[in-house]
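Feature annotations, reproduced from Swiss-Prot:
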{"type": "MOD_RES", "residues": "A2", "note": "N-acetylalanine"}
{"type": "DOMAIN", "residues": "3-59", "note": "domain 'WHEP-TRS'"}
{"type": "MOD_RES", "residues": "S66", "note": "phosphoserine"}
{"type": "BINDING", "residues": "D130, L131, T132, R157, Q173, D177, R326, Y330, Y331", "note": "L-histidine binding site"}
{"type": "MOD_RES", "residues": "S356", "note": "phosphoserine"}
Amino acid sequence: MADRAALEDLVRVQGERVRGLKQQKASAEQIEEEVAKLLKLKAQLGPDEGKPKFVLKTPKGTRDYSPRQMAVREKVFDVIISCFKRHGAEVIDTPVFELKETLTGKYGEDSKLIYDLKDQGGELLSLRYDLTVPFARYLAMNKLTNIKRYHIAKVYRRDNPAMTRGRYREFYQCDFDIAGQFDPMLPDAECLKIMCEILSSLQIGDFLVKVNDRRILDGMFAICGVPDSKFRTICSSVDKLDKVSWEEVKNEMVGEKGLAPEVADRIGDYVQQHGGVSLVEQLLQDPKLSQNKQALEGLGDLKLLFEYLTLFGIADKISFDLSLARGLDYYTGVIYEAVLLQPPARAGEEPLGVGSVAAGGRYDGLVGMFDPKGRKVPCVGLSIGVERIFSIVEQRLEALEEKVRTTETQVLVASAQKKLLEERLKLISELWDAGIKAELLYKKNPKLLNQLQYCEETGIPLVAIIGEQELKDGVIKLRSVASREEVDVRREDLVEEIKRRTSQPLCIC
């Protein structure tokens, strides 16, 4: 048995090595060599008839969430939802799966990541890729032209996930969108304000919101000499500039996508620029870009946007970044993406972006794709990358070794002597009926020490102790678990006293 266990360990390690090489896109020869080693080890292992072949695990790119993790997630959701409601949003929900043709042609090169389903009824279906396209379909179906809504739900992507960095195949998105015909840039500015409010409230670190405009990108590509047919594919290359160097992006555009080197160089002169409203004003004077109608419209709107952002007090958090491209096909105007910053390695250097935590933009043409008459409904919105935020919060709590409360129980109903189960049940029923979050131990005669230990382990702040003397006196002994202080409270006053002592918002830690 020991030899077999050792072989199983070798097979597992070799299997992980093969998977790692595939993810790193190693050479075919190297992968084949390691696969051969794996097959040789499996052959040595031979069949094990007594061992079940089924491996109990979650599918790739998914995970279970423990009560501790869910407590953190609910706290994050509460912050996000309260902000959405503060800005007047209504909530909607849509099906997890859509007709395949609803999603087709909306995501550019990312369309290959859509999960398709087989349906016995004959319909071609796909799992939703995001919450934006289903929202546009909802508007068109219901002939709505004006709504401010939020939607928090799971979406699905057939990706190669890096779960350690908060990337999955099944994950939550938290979306806020404003649909309707309004004066320019007012809804867009509010979306950026919401993004900043949420990220500041979550206290996950310094962040920067990059903004650009799809019209500026398209105008820039046009004056640089990019053929119309290559706009979107070149756009997806530029969008990688936050992850790889300009040289790598240029090599992809020239080598893989057939763009002329001199055209790529002209693009490079623009997309490596970033700044504030001064850069917008500089580009408005650019002799070539200012002659392009689309780019001029985009720059004019960005200038107005910065005026509103200054009034909202968040202009210092915003950077006009010409490399921001956002690969999705449906964006038509302003686009934005929030990244967390890590401190510079040396004095004088700029902080580095370490990952997107929110993004969004304007998509005025998406609803028209679903309307029989092509009627457009202007829309702008944002999506909070909650999975990455969850990962950051969890890592921070682990590093600080902070205890997380997994329940909101305010009080444990306990007894100091035996044969008081009926009294405990009567009291806890009174507390539940009064809206108090209460528990008791499921034993007829639990020891008082065990009841107090349970409170310390689970973070319950108060214990309501029933004893024979307390019953005679018509009082309940209320004990603070933290201070161990005990006071007698008249039974009719107990509910109000518990509410008074636990009126502070419950913390996750």
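Cβ atoms here come from the backbone N, Cα and C positions, even for glycine.
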Do you know the mean pLDDT across the domain 'WHEP-TRS' (3-59)? 81
If the L-histidine binders are D130, L131, T132, R157, Q173, D177, R326, Y330, Y331 per the record, what's the largest distance between their Cα atoms, in Å? 21
Which of the binding-site residues D130, T132, Q173, R326, Y331 has its Cα closest in space to the Cα of S66 (phosphoserine)? Q173
Within 10 Å of the Cβ of D130 (L-histidine binding site), how many other Cβ atoms can you find? Include all protein chains, please. 19
If H, G and I count as helix, E and B as strand, and all else as coil, what does DSSP give for Q173 (L-histidine binding site)? strand
Residue among recorded positions S66, T132 with least C-beta crowding, 10 angstrom cut-off: S66
Alpha-carbon distance [S356 (phosphoserine); T132 (L-histidine binding site)] in Å: 18
If you measure D130 (L-histidine binding site) to S356 (phosphoserine) at Cα, how many Å is it? 16
For Q173 (L-histidine binding site) and S356 (phosphoserine), determine the Cα separation and express it in whole Å. 13
Just to verify a number: CA distance, R326 (L-histidine binding site) to S356 (phosphoserine), in angstrom, no decimals. 11
Just the number: how many Å between the Cα atoms of S356 (phosphoserine) and Y331 (L-histidine binding site)? 18
Return the single residue from the recorded positions list (Q173, R326, Y331, S356) that has the minimum number of other CB atoms within 10 Å. S356
